[in-house]
Every structure is written in structure tokens, then in C-alpha cells.
Amino acid sequence: MTSTDNHIRIFDTTLRDGEQSPGATMTLEEKIQIAELLDDMGIDIIEAGFPIASNGDFEAVSMIAERSKNSVIAGLARAIPEDIERAGQAVKKANRGRIHTFVSTSPIHLQHQMKKTEDEVLEIIKKTVTQARNLIDDVEWSGMDATRTSVDFLCKCCEVAIKYGATTINIPDTVGYAIPREFHNLIKTLKEKVSGADEIIFSTHCHNDLGLAVANSLAGVEAGARQIECTINGLGERAGNAALEEVVMAINTRSDALPFGTKVDTKKILRASKLVSAITSFPVQYNKAIVGKNAFAHESGIHQDGMLKNSQTYEIMSPESIGLKESSLVMGKHSGRHAFREKLADLGYVLGNNAFQDAFERFKALADKKKNVYDEDIMALVDDEIASSTDRLKFNSLIVHAGTEGPQSAELVIDVDGKLVKKKSTGDGPVDAIFNCIKAIFPHQASLPLYQVQAVTEGTDAQAEVSVKLEDNGVSTTGRSADTDTLVASARAYLNALNKLLIVKERNA
Ligand code: KIV
Ligand code: ZN
């Protein structure tokens, strides 16, 4: 494959590197839902997980593989025979599967983490790539911490990986250290010096510690890389990975300067961003490029004036191109099932019968309380439903005593594994009282490092979107929920985070 091929393969690792962000744990159903959307929107390769990490991870990768349509499904493996075997099993039901195996190459990793010599690493690459290639035709090899590795040694590693069957060579900037010029030169040098380079695809995998992940990825592409590894909303270890929406829209918008193309249906970008944000409870920063709430908002008079005359005065891409439509009044309490289903389809949701029924009932309840129901309300409501569909602990009802005449108290009923349990507690304010009820019903040790509330839309009858982060023994999870009643949303969000914590603990057990 040569750099005359201008198709850039988009490799999404939201479900693997993204899930490695502290607090971004996803359930099996949530991962499947994200994978289906990614497949649908034309993502070339979906890294579905790290199959050796746990039975839950293995199950997620194999179920995503089994349901995959067009995307290649990749499973990650360390340079260890058991990892590679497990990754091979997990992706085997995919129409097109890939084993992605990696080993550290930098002196700092070799000396302190791996305690191996360069020759030993070359031998490991030979053995593990051979093993992977005996299991599957599509093998990706990554040199971890490649940007802090000597170029000569990295060239040797790539050569061995290619010789023994790797079809994609990934160059991770694992610690987000590179600057665009360096990263460009690195890919260019590898393409020139590595024998066999013309037969494979070079890939970028840039972390965002210096805020350069997207710039480095594009610099890599200009130097001849033809795959970009990235995540929705830039989720990922520490400061995250290159944001998928940013690399795709940069390539789309600046085709004059970047003569490349992707297969991504950009109209599904906003939907993917919202889904990942809802599932992980990681909010999207208001001024985030492409998908932030303000990315297409024009506040100053001069900008508004220009926009009214010609949108191109201040807009380099259209809101529609990422799937952003005018916020529209949806329906009221008289809207029926059919209209609701159509609206969901319009917003990009396809729900099974039970999930649809639950969402419809919540919509009706919302329409009873709230005069104007907007698209954002529907999305918050359905995302909430998706986030809680497999929970062990489900919210049932809540009565709260709040205000200046204390003590503030709450009476909460939760469905615990199918059985209703009621508890009354007091607290330092109503939210504290609710959380004390949950602790009384389901005792646990987790601490609460974050409790956050924001409005979904404008107006005093707006839904409150609450995010709750829980931490227990080094594991953290985030839950979210939206409701016109902030206290109900708080209870649901806490339960959502707690349910995720239970899943992670079970997975790690
Ligand atoms: O950042 C990194 O080096 C990785 C590898 C596993 C590809 O995520
Ligand atoms: Zn990474």
C-alpha cells in the first residue's frame, strides 16, 4: 500500500483506550450500542476491547464481532501468547477480524517496565506476530512509546513485524510527547527506511497530553500514514486520544489542503458524541471543537449580523454536516406512540420493544410536567433509559422533605434485584439524605468525588442533568440521569454510578 492511496482508515478505540479513562466504564449493552452506531456510520475498524482483561471484556469483543456488519473488529493483545490466543478467539466471529498486538520499544519502558534488551524485544515481536498471523490474516502491530524510541531500533522492530506478517504498523505517541513536525518526520523516515513499508499501512495513535493529538495524527497522514486511531469526544487514557470528530471533520472541511478522504457518515457524528457522553457520563466541554454545545453558536452582534447575510462568513462547515438540526419543538402530551417512534428514528435511536415502551412512558410523564419538550429533552431521556436498562438497582419512588425547617429527609424506594426496598434517612440537605437512603438500602464503601448538575435546556421547567462519580478501591465510575426534578435525577444518577461499580467489581473479581 503506498501513500498514493488517499483513503484514511478510521480506527475507533473508544471501547478500548476510551474505556481505560478512569470512570468511563461501560456495560456490555452500552458497548454493543456504541459499536452498532460506529459500524453504521462507516468506521473502518472498531477496537472493541482487550479480551484477556476479563471475561466481560472477552464477551463484549466477541458479541460485537458477531454482530458486526462492515467494520473490521479488532481485539487488543499484549505480546503474550495467552493474550493473542484470547484475542483471536474473541474476534473470530467477525466478518472481518483483526488481532492488534503491542510491545514497548522505548529505552525507558524496556529498562524499567519490561526489563528486556532490544534483542529480546525483537525476538518477542517475531514470535507474537507469527502466532497472531497463524490465527488471522489481519494483524496490527504497535510499538508502545514509539515516539520516545530510537528511530533505528523502531525501524528494526517494524521490519521484524512486517516480515512475520503484520499488515498494519501502528506508531503510538503513547505519552502525548511528540510535536507535529517530529511526528511527521518519524512516519516519513519509517516509510523510507523500513523494508516492506510499501506492503503495509502505517497508522497513528496519538495521545493528547499536550493538546496535539489531532495535529500529530494529521501530520502523520501527510507523511504517509493511512490509518488514524482515535476516539469519540477524544476519550482515552489521561488527556485522551485524538478526537475522531475532529480528524474526520478536518479532513472533510480542508480537502483543499488535506487531499484525503474517509468513509465516515459525518451526519452521525453528533449522535455518536452524545451517546458516548451519555453512556460514560463524561460531559462534552461547551467549546469543544465540532461537537461542543457552542461549536455552532454565534453570540456577538457582528458575527450574528454576518451569519444572517451569509452563513459562510463565520461558519467553515455547516451544523447539518455533523447532524446538528435546529432545536425543534417536538411534541406535547397528546403525541402518540407513532410520532414518538418517528422522532426517535430522526434522532438516530433504534430501540427494542421494551426499551421503547419504557422511553415512551417517561416521555409521557415528562410531557405532563413540561410545557415544551425539545429534541434535547428526548435525547436526555432516552440516553438515561439506555444507561439504566441493565441495572441491578433501579429507582422506584422518592419523597423528600427539604427547606429551612430541618432535618431534611428522604424516603426512597429502590428495586434491588427485582425486590422493592424502602428506607427513610435524614441528611445534610435533601441530596445527602437521598444518598444516605441508598447507602442504607445497599451498604457500600464508595466515596463521592463528584456531584454535578446542569440544565438540559433553558427555562425553569428544564430537565436537570445530574452526574455522579463514585470511587472505591481505585475503581471509579460515573453515572448520570436527567429529570425535571433535580432530586429524582440525583437519586437515579447515584444508582447508575453504583450499578456500574458493581459491574466493574464483578468483572475484576
Ligand atoms: O497508547 C498506546 O500506546 C496504546 C497501545 C496499546 C496501542 O494504547
Ligand atoms: Zn493509547
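Cβ coordinates come from backbone N, Cα and C, glycine included.
According to TrEMBL, the domain 'Pyruvate carboxyltransferase' annotation covers 8-270.
Feature annotation from TrEMBL assigns Mn(2+) binding site to Asp17, His205, His207, Asn241. Applying an 8 A CB threshold to same-chain residues 6+ apart, the list for His207 (Mn(2+) binding site) reads Pro172, Asp173, Thr174, Val175, Gly176, Ala213, Gly236, Glu237, Arg238, Ala239, Gly240, Asn241.
Sequence annotations record features per position, and here TrEMBL assigns region 'Regulatory domain' to 394-509.
Across the region 'Regulatory domain' (394-509), DSSP assigns 35 helix, 53 strand, 28 coil. Counting only same-chain residues at least 6 apart in sequence, those with a Cβ under 8 Å from the Cβ of Asp17 (Mn(2+) binding site) are Glu47, Glu229, Thr231, Leu235, Gly236, Glu237, Asn241. Around His205 (Mn(2+) binding site), the same-chain residues six or more apart in sequence whose CB sits under 8 Å from its CB are Thr13, Ser142, Asn170, Ile171, Pro172, Asp173, Thr174, Glu229, Asn241, listed in sequence order. What surrounds the Mn(2+) site, by Cβ distance within 8 Å of the Cβ centroid and not counting Asp17, His205, His207, Asn241, is the set Thr13, Pro172, Asp173, Thr174, Cys206, Asn208, Ala213, Glu229, Cys230, Thr231, Gly236, Glu237, Gly240, Ala242 from the same chain. For the region 'Regulatory domain' (394-509), the predicted model reports an average pLDDT of 91.
Secondary structure at His205 (Mn(2+) binding site), taken from DSSP and collapsed to helix, strand or coil, is strand.
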